[in-house]
């Protein structure tokens with residue numbers, strides 16, 4: 001979670017409310033059509049490229065990937081190499097903006113990588129100032145760690161009638177590393193910063209930090225997400241506000257209404273930059289990638305019998321609860337007799 005939420009939580013007038021299952025916010029996550037290409041970009045980041053590969057792209061047109069080059073995994077030369085490679089691509093774009101035709105090998109590479117609808121000098125000139133490196137992300141270890149926490153998270157989401165797709169947020173926030181701490185002092189599965197956590201009822205001190213308590217921090221994060229959804233109406237806006245902050249989101253909504261696509265395209269502040277704009281598409285991408293991992297496992301069909309619930313079926317076949325949820329793309333753990341489910345064969 002971003003440190004922008006420090007200011008956010010001070011103004012949540014109902015942040016101390018008790019999260020109860022009385023009202024439902026379990027509507028599916030909305031996915032605007034115009035972010036489809038950005039979701040595809042992030043799917044590749046999470047499934048194709050490695051952490052030692054730098055994907056050089058245009059920050060405004062994520063389908064424009066100019067080059068993918070290897071870099072040192074660690075070490076002091078890593079940043080310097082990224083800067084050199086980025087300058088090389090920027091220079092090539094500047095030259096293409098002048099001539100419209102490639103004259104060197106790197107210019108040919110950038111020219112060929114530019115989507116056909118963008119191949120014009122005016123685009124290359126502007127893109128030369130928007131080149132960014134995105135490292136690949138390896139989801140293997142987060143997938144392994146997730147099994148320890150997802151059954152609890154799924155049950156909490158179902159109990160409080162929230163979308164099960166919210167269970168993918170810790171992949172982005174912490175990689176399911178419960179004790180990881182960010183530069184902004186965010187900590188835990190849901191990366192809550194100290195003041196946010198305290199406002200949500202968690203104890204944070206030198207002696208005790210409940211942000212690392214999986215269940216308590218999960219309930220606190222769900223309380224925050226539910227309140228953000230109540231304020232901002234759409235999950236795309238609520239989840240973006242989880243990263244960006246609700247005060248900033250309120251200002252954006254006053255200007256552009258509850259239109260996620262407009263806000264993402266036109267809203268500009270010092271804080272609402274690449275990471276905040278791409279937080280929601282990257283969440284949908286993680287969801288899609290994890291589902292595909294489950295889809296690739298050896299499975300069989302099972303018909304639900306009267307009186308059975310998802311936990312019983314998971315135990316019968318030696319599956320984890322989250323595996324069946326992912327495999328069947330379930331938005332709820334409620335089952336009905338005769339329903340067909342995929343289960344993993346072990």
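Glycine is treated like the rest: Cβ placed from N, Cα and C.
Automated prediction, rather than curation, is the source of TrEMBL annotations.
With a cut-off of 8 Å between Cβ atoms, the residues of this chain six or more beyond the domain 'LysM' (300-343) that come close are 26, 28, 146-147, 150-151, 153-155, 158, 163-165, 167, 290-291, 293-294. Look at TrEMBL and you will find 300-343 tagged as domain 'LysM'.
Among the features that TrEMBL reports, signal peptide is placed at 1-26.
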Give, as a single whole number between 0 and 100, the mean pLDDT over the domain 'LysM' (300-343). 90
